[in-house]
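Features reported for this protein in Swiss-Prot:
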- 1-6: topological domain 'Periplasmic' (TOPO_DOM)
- 7-27: transmembrane segment (TRANSMEM)
- 28-332: topological domain 'Cytoplasmic' (TOPO_DOM)
- 42-190: region 'Disordered' (REGION)
- 51-63: compositional bias 'Acidic residues' (COMPBIAS)
- 99-115: compositional bias 'Low complexity' (COMPBIAS)
- 123-150: compositional bias 'Low complexity' (COMPBIAS)
- 160-175: compositional bias 'Low complexity' (COMPBIAS)
Amino acid sequence: MMQDLRLILIIVGAIAIIALLVHGFWTSRKERSSMFRDRPLKRMKSKRDDDSYDEDVEDDEGVGEVRVHRVNHAPANAQEHEAARPSPQHQYQPPYASAQPRQPVQQPPEAQVPPQHAPRPTQPVQQPVQQPAYQPQPEQPLQQPVSPQVASAPQPVHSAPQPAQQAFQPAEPVAAPQPEPVAEPAPVMDKPKRKEAVIIMNVAAHHGSELNGELLLNSIQQAGFIFGDMNIYHRHLSPDGSGPALFSLANMVKPGTFDPEMKDFTTPGVTIFMQVPSYGDELQNFKLMLQSAQHIADEVGGVVLDDQRRMMTPQKLREYQDIIREVKDANA
């Protein structure tokens, strides 16, 4: 189908070009004839005025007839326009005198004038002639648009992955909201640091003496302490050793451990300590610890000292109690 359409278009184009050529040639001839008629009339008027010139024309009638025959041959050689340009000016003069009685005979010489204006129509004639010569060439440009169509097809293929890339871009900000700003565990770390305390008191022998191991063991057991973890004694919630440990008792001498067999054991003193917060009521546990320390000191003949190993005073006891309350309130 495409080939048939091409042939039809070529034929129609050729016919149109030929029609244009014929029409142009016909119109050019028509214009030339009109111009030719106007010019001889003007010249004839001038010739009538000149009597001397008329006599010369009558003498040259025979020559004019010969030149008329040449004019008849001129249309056959219409292509040689440039060579005939100088001659037509002299050829027209004699025929005009004879042309007065023979006006119809002057029509063939009209072809002599076209050489002057002939190059103008010949130029458009050559242009359309070149066009049919290139008419078979349009088949090549028909193949060229076929290739861009194929090239245009992959373009949307490349444009398709572009939105896909845009779809991946929003995926990146999705990973941006990281849970890093969640720094809430920091206050959790503050609680143990700010509100942990250890209440310490000592039971020591008088200056220059030591506590007897056997007496110390009996007083410790009477106060409700039981030997246990870390090789030290612990005071539990229940006197039989059950329940959580409320406070503990260690040797004042490093490493602070005891040997259950304390018959031959002596020491300058022992240390009783309680960690706050602790199980139950810390103030009640503190009172129980103070009572145990006083009981042991009375049994072994020692004294109760504070954490600086100074004599225990009522002010120091109130200070211990204030510390316990602060920790208790902070952990409430």
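Just so you know, glycine gets a Cβ as well, placed from its N, Cα and C.
The helix, strand and coil residue counts that DSSP assigns across the topological domain 'Periplasmic' (1-6) are 5 helix, 0 strand, 1 coil. Mean pLDDT of the predicted structure over the topological domain 'Periplasmic' (1-6): 83.
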